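Feature annotations, courtesy of Swiss-Prot:
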SIGNAL    1-56  signal peptide
REGION    57-83  region 'B'
DISULFID  64-103  disulfide bond
DISULFID  76-116  disulfide bond
SITE      79  site 'Important for interaction with integrin'
REGION    84-96  region 'C'
SITE      89  site 'Important for interaction with integrin'
SITE      92  site 'Important for interaction with integrin'
SITE      93  site 'Important for interaction with integrin'
DISULFID  102-107  disulfide bond
REGION    118-123  region 'D'
C-alpha cells in the first residue's frame, strides 16, 4: 500500500511539473509574440512613410501633352510661353525644348517658369517712342487715298451688279414695298370703317312722286 501511494505521489508531482513547464513556456511565448508584432508594424509604417516621401519628392515627375500645356498656361498666365529657350551666347549648341525635358526627364515649377515669355515694352515705353516713326499724311495723300477707295468701291459695285440681279430685289426694297402695301391696306380698311351704315337715296321714291303730281295739277 505504501508503494502504491508513493507511485501516486510521484505521478502527481510529475504532472504538476509538466503543468508548470507548460505555463512557463506560454508566459515566455506571449511577450516574444508581442515584440515581434510591434517590430512588424513599425517596419510596415516606416516602409509606407518612405514610399510616400519618395512620391512627394521624387525627381522623375514628368508632364506631357495636354497636361504640360495646361500647366504652362497656368504658370505663365497672360505672358505666354515658349516650347524652347534661345540664349544669345552660343548658337552652336541648341537648347532642348521643354517637351524633351519634362516628358523624358523631370519637371518642376522653376523649370516651367524659365519657358515663360518675358513681357514686352510697357505703355510708357510706347508713348516715349519717337514721333518720326510714323510720318504724317498730307491732305493730298488723304484726297488720293479717299478717291481711290471710292473708285474701288464703285468698281466692286459694278462687278457685283450681275450677282445682284441674280439675287433679285434686296431685302430693304422688299421691306419698303411691303410697308407701302400695308399702308394702302390700312387706308382702305379705315375708309370702309368710316363709311355710314345707311345711305340716303338721292331720288325720291315712285309713290311720293305719284302723290305729289296730282296735287300740283
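Yeah, the Cβs are placed from backbone N, Cα and C, and that goes for glycine too.
Cα to Cα, residue 107 (disulfide bond) and residue 76 (disulfide bond) are separated by 15 Å. The candidate set comprises the disulfide-bonded residues 64, 76. Of these, 76 has the most other Cβ atoms within 10 Å. Residue 116 (disulfide bond) carries a strand DSSP state (E or B). Taking the C-alpha positions, the distance from residue 76 (disulfide bond) to residue 102 (disulfide bond) comes to 16 Å. Taken residue by residue with DSSP, residue 103 (disulfide bond) is part of a helix. Within the set of recorded positions 79, 102, 116, the entry lying nearest in space to residue 64 (disulfide bond) is 102 (CA atoms).
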